[in-house]
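Asker: Per TrEMBL, transmembrane segment is recorded for 21-42, 62-84, 105-129, 135-158, 189-209, 221-245. TrEMBL lists 245-297 with the feature domain 'HAMP'. According to TrEMBL, the domain 'Guanylate cyclase' annotation covers 329-400.
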Amino acid sequence: MSRLLRAFKWLWGTSWPLYAALVLAANLIGALAIMAFIRFLVPMPEVRSFTSEVPHLEVIGLTYLAFAVIVGVVATLFLFRPVLEWQRHPDDHDPNMVRNLVMRLPVYQAVVCAAVWVIGIAIAVVTAASASGRLALVIGLATALAGMVVVLITYLLAERLVRPVAASALARRFEDSTLEPPITQRLRLTWIMTTALPVLGILLLALGQRAGFFMGNAGELIPGIVALSLTVLVTGFVGTTFAIMSVVDPVLELQEAINRVRRGDTNVQVDIYDGSEMGVLQAGFNEMMRGLKERQRVRDIFGRYVGAEVAKRALEERPTLGGEDRKVAVLFVDVIGSTTFAVNHTPEEVVEALNQFFEHVVEVVHRNKGIINKFQGDAALAVFGAPISLPDSTSHALTA
């Protein structure tokens, strides 16, 4: 019991309760909205007789609503359990399995949502068919259209809420998920599900009136058409916003990272949380930064020995065979009395003194555009005029 309480306390401190609340709210709002639409805005006499004649209709609806919530929560916990356990104990799970599962969480959540809606639609259609086949057709079409819209919004919502978990799972290695739809398909699907389907509902209302499904004149359809028009505006805005954010957010993060690189910061990485082309772009940026950082490290280390200018030329220019004729100046620097100094001091003191001496020599030589050819004992050999050409190598050597 105490173990279960500890797990619940840990879970409550994560972002998963917010995830569950938002996904549940999206589905409840969709279910209540379509029930209210059918009950009050569909001008069919069968609707009124159905709601008044079918016994315990409210009880059936509330019972299924509770059943749907329980089934959805249990199925989601079953699918998400490996991820939750990995978050608590990262070293006890296969990282490849976790990565693949995390990338598929939005799809799995949409599948669970779709399954719950399909069961609910089937129950509603069967119940309505006992009263009127025409009513069953209307309820089936209306709830199916609403369910598809809610399923897509659930997917987009889950995709956004899972980003922090996906970033942690993909921090070490990027996996291109085949279940992550490409950006173009995602945008088209968003338009179809959040805009085209509600517009299709308006067209079906008009066709139903012409086919004699609804009572009264065409003016009876105005409240339903207004409601569906508002639905188009709301769902279109919400779906488009989520779809845009799935593209714009990574682009803005990459833009900020590029600006930091321009300012000289090479320790820049971006989070990878997408399995589509955007994730490939994020992973490519991180790979590019690793190469740039390694190149900068090589230049820094190389520059300590031969100077920054020589290191830059060696890394940026292609070497040519055959050699070159140059007029160069050579400077040899030696420490006088180094043997006596070494006898009268400890090895640590000798090394420290030589390091200070050579550090000063390197700084002076590099400042005058020379390079250190070699260190030998307590002496240093510097060359001016090669490999970097100097118009007056002798003057640079004398200045040093």
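Cβ atoms are placed via backbone N, Cα and C, with glycine included.
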Asker: Against which stretches of its own chain does the transmembrane segment (221-245) lie, if we need a Cβ under 8 Å and a gap of at least six residues from its ends?
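Answerer: Apart from its flanks, the transmembrane segment (221-245) reaches 33, 37, 40-43, 149, 152-153, 156-157, 159-160, 186-187, 190-191, 193-195, 198-199, 201-202, 205-206, 209, 214.
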Asker: So what's near the transmembrane segment (135-158) in sequence-distant terms, Cβ-Cβ under 8 Å and 6+ beyond its ends?
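Answerer: Sequence-distant neighbours of the transmembrane segment (135-158): 19, 22-23, 26-27, 30-31, 33-34, 37-38, 42, 44, 46-47, 50, 105-107, 109-110, 113-114, 117-118, 120-121, 124-126, 128-129, 189-190, 193-194, 197-198, 200-201, 204, 208, 213, 235, 238-239, 242-243, 246.
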Asker: Using DSSP, break the domain 'HAMP' (245-297) down into helix, strand and coil residues and give each count.
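Answerer: Grouping H, G, I as helix and E, B as strand yields 39 helix, 0 strand, 14 coil.
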Asker: Within the domain 'Guanylate cyclase' (329-400), count helix residues (DSSP H, G, I), strand residues (E, B) and coil residues, in that order.
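Answerer: The composition, in the requested order, is 34 helix, 19 strand, 19 coil.
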Asker: For the transmembrane segment (21-42), what are the same-chain contacts with Cβ under 8 Å, counting residues 6+ beyond its ends?
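Answerer: 51, 61, 65, 68-69, 72-73, 76, 109, 113, 116-117, 120, 138-139, 142-143, 146-147, 149-150, 153-154, 157-158, 161, 214, 223-224, 227, 231.
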